[in-house]
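Peer 1: Before I ask anything, let me first share the structure, which is written out below as structure tokens.
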Protein chains: 2
Amino acid sequence: MKRIAIDMDEVVADFNLKHLHVFNRDYNDNVTLDDLMGCHLRDLRPHLIQEIRSYLDDPTFFRDLDVMKDSQEVIRALSEHYEIFITTAAMEVPASFTAKYEWLKEHFGFLDEMNFVFCGDKSIIQADYLIDDNARHFKRFSGQGILFTSPHNVNETGYVRVNSWLEVRDYFLR
Amino acid sequence: MKRIAIDMDEVVADFNLKHLHVFNRDYNDNVTLDDLMGCHLRDLRPHLIQEIRSYLDDPTFFRDLDVMKDSQEVIRALSEHYEIFITTAAMEVPASFTAKYEWLKEHFGFLDEMNFVFCGDKSIIQADYLIDDNARHFKRFSGQGILFTSPHNVNETGYVRVNSWLEVRDYFLR
């Protein structure tokens, strides 16, 4: 059975939606997802880079992110034909460990928690496929990288790209 | 540069010493490391299996484990010739995430935290070597498993075995 490793933020968990919401609320701003095309919030508001980052030090930040559309149904279907691992660069945000674990148990409870991986450098991942919004993780990954479209990566070229979980389904279960 | 993945409990962190100490203290018992040869504490005291396990639900349990003798010096030396990752089955004890991270930062701060991996099923680990006290992790591991001697595994045969960190040094840096 082939193995698919799947990232969390911006792939199964809607990080941007909450991050923009709390930022706009706290700084009386109106940044939209369209503004994030090809960049990050920190690039648009560099004078607030510390504040933008500090949201991630809140241990509860990642607990109530929305689930990305169709991800549950598609991953459940994939899990009948592939070994599924969730592989998140949680070491970049150590405060998030418990929230990320609880979020996965709540929304992807049909997966075995022995298949959850909190890592940093994803070259440690042994899998046939890696679905991720950060192309940098594909550089030393030995399998096939699949770039999940997120505003910040829209200008990246040279990768297999999927724009939605329905496109993931078509890629693997066509 | 070849890559060595290294387990935590009973390999770099002295789990047994503390576990036995708190158990003997709380249950007025006198179990020794010699008693654990070829088995686990739960096998010796099956009527207390829940209590034995429940220590691991304490978020602070793993924070003050002793460092295994010579592990810091040898891993520092290995890190000049090999890529080092710490790979621990933390998903088995989700309460331990923060304590394990802080413990690694305190005692192995010379390693990049991007090379820390909290996982469950270690077949996800892409490495040339895995030093672990649980031989079950070698079954689906694609590299060379190296069994680090711990009381529970003394009767395991058929694996490359090291009895100390000085033996690890000799294996890799001979």
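Count begins at 1; order follows the chain as displayed.
Note that Cβ sites are derived from N, Cα and C of the backbone, with glycine treated the same way.
TrEMBL does not curate its annotations; it predicts them automatically.
OK, TrEMBL features for this one:
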- B:ASP7: active site, nucleophile (ACT_SITE)
- B:ASP9: active site, proton donor (ACT_SITE)
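I'd like these features described in context: how deep, what's nearby, how far apart.
Peer 2: Following the DSSP three-state reduction, the secondary structure of B:ASP7 (active site, nucleophile) is coil. Residue environment of B:ASP7 (active site, nucleophile) contains 22 other Cβ atoms, counted within 10 Å of its Cβ in all protein chains.
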Peer 1: Write out the long-range same-chain contacts of B:ASP9 (active site, proton donor), meaning residues 6 or more apart in sequence whose Cβ is under 8 Å from its Cβ.
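Peer 2: Set apart from B:ASP9 (active site, proton donor) by at least 6 residues yet with Cβ under 8 Å, we have B:PHE15, B:PHE62, B:LEU65, B:THR88, B:ASP133.
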